[in-house]
Amino acid sequence: MLGRSYGKLDRMRSAYSVETVRTAERQLMARLPEGALMQRAAAGLAAACADLLGRVYGSRVVLLVGSGDNGGDALYAGARLARRGAGVTAVLLAPERAHAGGLAALRRAGGRAVSAGGAEGAGGGAAGVEELIERADLVVDGIVGIGGKGGLRPDAVPLAAAAERSRAAVVAVDLPSGVDAGTGEVRGVAVRADLTVTFGAHKPGLLIDPAREYAGSVRLVDIGLELPVEPELEALQHADVARLLPVPRAESDKYRRGVVGIAAGSARYPGAAVLAVAGALRGGAGAVRYVGPAGDAVITRFPETLVSDQGPKHAGRVQAWVVGPGAGDDAATVGEVLAADVPVLVDADGLRLAEAGVVRARRAPTLMTPHAGEAAALLGVDRAEVEGGRLAAVRELAGRYGATVLLKGSTTLIADSGGGAVRVNPTGTAWLATAGSGDVLSGLAGSLLAAGLSTVDAGSVGAYVHGLAGRLAADGAPVGAHDVAEAVPEAWRNVLAE
Ligand SMILES: NC(=O)C1=CN([C@@H]2O[C@H](COP(=O)(O)OP(=O)(O)OC[C@H]3O[C@@H](n4cnc5c(N)ncnc54)[C@H](O)[C@@H]3O)[C@@H](O)[C@H]2O)[C@@H](O)CC1
Ligand SMILES: Nc1ncnc2c1ncn2[C@@H]1O[C@H](COP(=O)(O)OP(=O)(O)O)[C@@H](O)[C@H]1O
Ligand SMILES: [K+]
């Protein structure tokens, strides 16, 4: 929990695909002496390990070393720690293919190496190796980095399991071994790290669940890569959001600030209408119109709402619509809203009722906000497939519908149909997994649309403020969706205070 101290994140965080990182590395390597890049990586890694250890001298460090350059980084960093008095043991998964220069450096510094399979020297053997890991103060995971394919290989699985059992702090080199760097997918076992030291650029997997959870906190080591302007993934931070939040000027009036229309709720689910309005009233629009059968419940709770029981077509001026929360099977209302020539946010029941062809044919932009279950239903796949491959799912939906799609959940992603960087929300908290909090988000993001933000900005700023409001409201204890709505002004002030 970041709690009330939240808010020191001030630069857009970007992640680049593995191919982009490799290209940048090749270009830089061509201009540098051989091995220089790996030394930069190892120096940053060793410094992070030393910070974590506090006292390096006398500490017990175990390196898990695969056969690629990821293992090389671990070996060179281990050599640096050994020179400062740590007892360093490298566990080699493939002794004959371990990075030769790194291994020699470690041995010169007084470190030793054993085989994971037990073939080489004392202390080897599977049981001995696992014991070594369990007794360590620090485990450095250099099994595999961006060269990884598929899940962790079977010979590496017991090492990852021993690291998880161990009391040691676990530092992953570049990525936790076993996670997919490009997508955040995790197939089978992967290393669970307390800290991941990543080189040159964040990789998408470090920002997307489930892999993000395996990474622990992430420290970026600058190795001098020159990266393209457009990343594959970007996470807004406080300063970015502060620039995008709509703030009224002296000449503003309620219409200039934007009117958001909420077509939500039903006799069965009046609460969804109330919660969507609760979010909308705190989202920057100058007025909130409500259309639907829950007008009485809405007006009782929020007398400032402009309530109408006519359909959306007769509701009067609206700069953006929200349709769907708690809407049941009211396809006619969804159709009417989609026919309006203003931005529309479609959520919940509305997603099921919005035909792809109709959404694609709209001239004004559309923002769809499914959770994983709804996204799975739209794509005709299992929910687990969406949860395991969120990036592919959000892109696929955006392409199919010709819309901006915000995929809710542990990592909320926002993709535009035109391609470009996918936004990832960094403020989410599992306390938001409470009934109705999605309704608050749809009202909030709809209000931002009415205030003039693009669908991508309204979705990502909405998710950011909503996540922050969830953290502030919860502050370590369970909350209801209405609490989240009530904390939105505090979240807003928190962002602008930066
Ligand atoms: N390319 C560069 O310029 C730099 C690379 N660096 C490091 O180099 C890494 C990439 O190195 P490589 O390209 O050698 O690749 P890796 O070391 O990431 O992985 C390749 C090795 O892992 C094995 N492997 C692949 N999939 C596996 C799996 N699922 N389970 C277990 N083992 C698996 C392969 O057999 C191969 O031997 C980066 O992640 C980073 O740590 C850094 O030194 C910085 C500079
Ligand atoms: N584990 C989680 N971590 C972070 N945020 C979550 C998590 N689970 C759900 N959320 C967020 O909570 C909200 C729930 O929305 P939704 O699933 O539509 O619920 P409802 O339909 O009950 O309103 C979304 O903003 C979603 O991103
Ligand atoms: K690794």
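Just so you know, glycine gets a Cβ as well, placed from its N, Cα and C.
Just so you know, TrEMBL annotations are computer predictions that nobody has curated.
Under the heading domain 'YjeF N-terminal', TrEMBL lists 21-231.
Taking Cβ-Cβ distances under 8 Å and a sequence gap of 6 or more within the same chain, Lys149 ((6S)-NADPHX binding site) has no neighbours at all. Classification of Lys149 ((6S)-NADPHX binding site) by DSSP places it in coil, neither helical nor stranded. As annotated by TrEMBL, (6S)-NADPHX binding site applies to 69-73, 145-151, Asp174, Ala272, Gly326, His371, Asp439.
Per TrEMBL, the feature K(+) binding site maps to Asn70, Asp141, Ser177. Reduced to three states, the DSSP call for Asp141 (K(+) binding site) is strand. Non-local contacts of Asp141 (K(+) binding site) by the CB criterion (under 8 A, 6+ apart in sequence, same chain) comprise Leu64, Ala74, Ala160, Ala163, Val170, Val171, Ala172, Val173, Pro176, Ser177, Val191, Ala193.
TrEMBL lists 237-495 with the feature domain 'YjeF C-terminal'.
Per TrEMBL, the feature AMP binding site maps to Lys408, Gly409, Ser410, Thr411, Thr412, Gly438. In sequence order, Leu406, Val424, Asn425, Gly428, Ala463, Gly467 are the residues near Thr412 (AMP binding site), counting only same-chain partners six or more apart with C-beta under 8 A.
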Binding-site residues close to ligand 2 - of Asp174, His371, Lys408, Ser410, only those whose C-beta is under 6 Å away: His371, Lys408, Ser410
Residues near Gly409 (AMP binding site) in space but at least six apart in sequence (CB under 8 A): Asp209, His371, Ala372, Glu387, Arg390
Residue with minimal Cβ packing [other Cβ atoms within 10 Å] among the binding-site residues Asn70, Ser177, Ser410, Thr411: Ser410
Distance in Å spanning the most remote Cα pair of Lys408, Gly409, Ser410, Thr411, Thr412, Gly438, given for AMP: 14
Least buried by Cβ count (within 10 Å) of the binding-site residues Asp69, Asp174: Asp69
Near-site residues: AMP, ref Lys408, Gly409, Ser410, Thr411, Thr412, Gly438, CB cutoff 8 A to centroid: His371, Ala372, Leu407, Leu413, Asn425, Gly428, Leu432, Ala463
Residues flanking the K(+) site, with Cβ no more than 8 Å from the Cβ centroid of Asn70, Asp141, Ser177 and excluding those residues themselves: Leu64, Gly66, Gly71, Ala74, Gly142, Ile143, Val144, Gly145, Ala172, Val173, Asp174, Leu175, Pro176, Val191
